[in-house]
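Per Swiss-Prot, Zn(2+) 1 binding site is recorded for C168, C171, C221, C224. The Zn(2+) 2 binding site feature in Swiss-Prot is assigned to C185, C188, C207, C210. Annotation source Swiss-Prot lists domain 'J' at 10-75. What Swiss-Prot lists as repeat 'CXXCXGXG motif' is 168-175, 185-192, 207-214, 221-228. Positions annotated as zinc finger by Swiss-Prot: 155-233.
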Amino acid sequence: MSQREWIEKDYYKELGVSSTASQDEIKKAYRKLARDLHPDANPGDSKAEERFKAVSEAHAVLSDPAKRKEYDETRRLFAGGGYPRGGFGPGGAGGFSQGFDIGDIFGGTAAGDGGLGDILGGLFNRGGTRTTSRPRRGADVETETTLGFREAAQGVTVPLRMTSPSPCTTCHGSGAKPGTSPRVCPICNGTGVVSRNQGAFGFSEPCDGCRGTGSIIDDPCVDCHGSGIQNRTRTITVRIPPGVSDGQRIRLAGQGEAGLRGAPSGDLYVTVHVSQDKVFGRNGDDLTLVLPVSYAELVLGTTVSVPTLDGRVGVKVPPGTADGRTLRVRGRGVPKRGGGAGDLLVTVKVAVPQKLDDDALEALERYREAEKASGFDPRAGWAGA
């Protein structure tokens, strides 16, 4: 990314949020836009695809506190001063040459380098001078997938189709034409920086000969024009482990955006959304369900067959069970990450018949009389009696 692009891109506007937006607001805005603009939801729509890429790029920066801080500092530092096209320019910090990519100054950001102070410290030899050019690791990428309740509980392998910067398939990320190789820059000897003195200060600045990369490509790849990166659509197979919960993020190392000229790729983060189930609920590793029973079954007791994630199991309802009681079946819940499984929690709920035939009504009347004769009072001890 050129210095002007870095400064002029408004990631906040891209997501439709203010510059003071919280992480939750940023995440909510991104999720809505990503769902609306995803290539799978807009097949053949190139405008939606480009917008999806821009939204993903904005989220990758603003969702990372360190990257967001550096982005804000960069815009404050350069945007307000009418910066010259070539960089800091006359009167600035050493007059960088025209065409230098400010992304090379901030190239270590995705790899977890420090903030703007570290960068300026390097320019003015504060805390030591860089001796080697760090590879520019690719940016992290975020995407989402929705699973069924049982898929999330038991684990599943899903294909994810996504469009992002990836290593060039022609040069395999080197940036050089097949059959050739980049050569070490003779000016900086591969360090990517050159040093000079001005008065009492020693300066380190990106090398003009190699644009701070440490190497020179004499014969660039015709497909990626020397960057080593191409935008392409790919399908990644993602293994979702058993027991994943709604909103959980899964990291796939090295599956994010490709690094510059063969540098390491970023990571892919997949946020999992879990659909509700008609039968089951979940409480941590425990599986929950509500079991309809009759009054007679609660009073007399019974055994009822109920579903689990891997078949059915008989649940014994003891005689005299109260409505709303929860019965526990150990080890028949959601698989745990370290092995074993949670429990199945079965809550009994009495189902009141809406219509009874004459025989049933007569039997129920006889039961009511017998209940009174036994001295049973359902409201005994009730505070409202």
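Just so you know, glycine gets a Cβ as well, placed from its N, Cα and C.
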Just the number: how many Å between the Cα atoms of C210 (Zn(2+) 2 binding site) and C221 (Zn(2+) 1 binding site)? 16
Reported as an integer number of Å, what is the Cα distance between C221 (Zn(2+) 1 binding site) and C207 (Zn(2+) 2 binding site)? 22
For the binding-site residues listed here (C171, C185, C221, C224), tell me which residue's CB has the most neighbouring CB atoms inside 10 Å. C171
So how many other Cβ atoms are close to C188 (Zn(2+) 2 binding site), meaning within 10 Å of its Cβ? 22
Range from 168-175, 207-214, 221-228 with most C-beta pairs under 8 A to the repeat 'CXXCXGXG motif' (185-192): 207-214
Counts by DSSP class (helix H/G/I, strand E/B, coil) across the repeat 'CXXCXGXG motif' (185-192): 0 helix, 0 strand, 8 coil
Checking distant contacts: for the repeat 'CXXCXGXG motif' (221-228), what same-chain residues at least six beyond its ends satisfy Cβ-Cβ under 8 A? 167-171, 173-178, 258-262
Give residue numbers and ranges for long-range contacts of the repeat 'CXXCXGXG motif' (168-175): same chain, 6 or more residues beyond its ends, CB-CB under 8 A. 181-182, 217, 220-224, 226-230, 232, 258-262
What Cα-Cα separation, expressed in whole Å, is found between C171 (Zn(2+) 1 binding site) and C185 (Zn(2+) 2 binding site)? 20
What whole-number Å value do you get for the CA-CA distance of C224 (Zn(2+) 1 binding site) and C185 (Zn(2+) 2 binding site)? 21
Per DSSP, what is the residue tally for the repeat 'CXXCXGXG motif' (221-228) in helix, strand and coil? 0 helix, 0 strand, 8 coil
Over the span of the domain 'J' (10-75), how high is the average pLDDT in this prediction? 85
